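The disulfide bond annotation in Swiss-Prot covers C74-C121, and the record cites similarity to another entry as its basis. Positions annotated as N-linked glycosylation site by Swiss-Prot: N95, N215, N293, N312.
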Amino acid sequence: MDSISVTNAKFCFDVFNEMKVHHVNENILYCPLSILTALAMVYLGARGNTESQMKKVLHFDSITGAGSTTDSQCGSSEYVHNLFKELLSEITRPNATYSLEIADKLYVDKTFSVLPEYLSCARKFYTGGVEEVNFKTAAEEARQLINSWVEKETNGQIKDLLVSSSIDFGTTMVFINTIYFKGIWKIAFNTEDTREMPFSMTKEESKPVQMMCMNNSFNVATLPAEKMKILELPYASGDLSMLVLLPDEVSGLERIEKTINFDKLREWTSTNAMAKKSMKVYLPRMKIEEKYNLTSILMALGMTDLFSRSANLTGISSVDNLMISDAVHGVFMEVNEEGTEATGSTGAIGNIKHSLELEEFRADHPFLFFIRYNPTNAILFFGRYWSP
């Protein structure tokens, strides 16, 4: 696992530990890597205590080689920004089997003139960059401009990211971070096998869901001590996989959420733990869109200066009092039957009906899932599916 992927995984669970407190019994979906990238772009211009807090919360202090370049135009953290640039260009390169759009942008009020050195370094490493807008006298126009940029960047899937009250004349800087994902499975689910089935949120409460079904060989970990199974579903390119962490019992998710962390996940999904098995898999069709204001989460993790008058962002603008007013994360992901290889047509229906001897992986109650970039083990998405 490379150093950025480790940093990303640690940050992923820090965020999850905060999110699960604020989103009890709800679906959760976020992209730790894109949040980290957007914050790295801010970190480029952070100085003093603000920089120290960010370095700690983002786990940049654990990256080997970080801080080794001191003569660079873009500061001592150039090594870290280069790692992000390499990983992001690898993951988002044009690919016929999945669509992944990560969009990060800093919107700064025009009264804080952005330093040309910062602009040039932000452009060097990050695609989104910085845009100056007029929050003070045209806040509503700025909000609409940001929303239309987000909609365009996410293929029209994320609309109205910023609600009408979120921007006002006191806003100084907003960081926007959105991600859209649609993947194609290595092996397709047959649409004819998809059925409406109950999805149990609790022992007493259930909702109908369109449940996809397939018989095939998958990597599976059976973990009796954790009362859980983990299934790996590969996407077509082989570069990405979805891993589903399914508790044995309907009410078993809380137990997993209490114990999960970076080291545990690495242990549970290691090659020693997972083995190829013929399985009968049931997985809900999912379309998840989530929007989060990350300000309170990041402050709870220890990044307090950035969102207050104590912020030192003199690497972005020499004008005093520049701070982040809002940090907004929008994410859209769709999971359906599409794949590159058919599972067989009429034969597969027969298989589904007459496969009682196969071990089942039936995701018909709350579970955790994540999408992994296999070459580096980076976690792209992390989520909880609680309810259809």
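Note that Cβ sites are derived from N, Cα and C of the backbone, with glycine treated the same way.
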Looking only at the recorded positions C74, N95, C121, N293, N312, N215 (N-linked glycosylation site) has its closest CA neighbour at N95
For N215 (N-linked glycosylation site), the number of neighbouring Cβ atoms whose distance to its own Cβ is within 10 Å equals 19
For the glycosylation sites listed (N95, N293, N312), most other Cβ atoms within 10 Å of the Cβ sits at N312
Of the glycosylation sites N95, N293, N312, the one whose Cα sits nearest to the Cα of C74 (disulfide bond) is N312
If you count other C-beta atoms within 10 angstroms, which of the disulfide-bonded residues C74, C121 is the most crowded?
C121
Using C-alpha atoms only, work out the spacing between N312 (N-linked glycosylation site) and N95 (N-linked glycosylation site) and round it to an integer in Å.
40
Give the distance between the Cα atoms of N95 (N-linked glycosylation site) and C121 (disulfide bond), rounded to the nearest whole Å.
27
What does DSSP say about C121 (disulfide bond): helix, strand or coil?
helix
